[in-house]
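Among the features that Swiss-Prot reports, signal peptide is placed at 1-22. Annotated topological domain 'Intravirion' per Swiss-Prot: 23-45, in sequence order. Annotated transmembrane segment per Swiss-Prot: 46-66, in sequence order. Taken from Swiss-Prot, the feature N-linked glycosylation site covers ASN84, ASN89, ASN97. As annotated by Swiss-Prot, compositional bias 'Polar residues' applies to 99-108.
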Amino acid sequence: MSCYTAILKSVGGLALFQVANGAIDLCRHFFMYFCEQKLRPNSFWFVVVRAIASMIMYLVLGIALLYISEQDDKKNTNNANTNNDSNSNNSNNDKRNESSINSNSSPK
């Protein structure tokens, strides 16, 4: 992997993380607005509900990022295996061609 590819993947990953972080903040603002209307902002239950909601949102984000990275790793592994298989098939075909050429060129 070239350096440029690694940098682009890193920047792309950070950008996706920022988008996910913005989505979580937006959900938190909507959720906090709802809780402030129904619960007092300084009550114990408000703090507990807010903490649980934050943990669930970050858990979903972590699982999603883990799933994306595993899919990317599987895709890279499959591409590497496909390339190795095609290279070995080409070398086998070359060996067959050599043997047929050698058998045809033998003196009779």
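Cβ atoms here come from the backbone N, Cα and C positions, even for glycine.
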Confidence summary (mean pLDDT) of the topological domain 'Intravirion' (23-45):
75
Residue list, the topological domain 'Intravirion' (23-45) vs rest of chain: Cβ under 8 Å, 6 or more residues beyond ends.
53-54, 57-58, 61
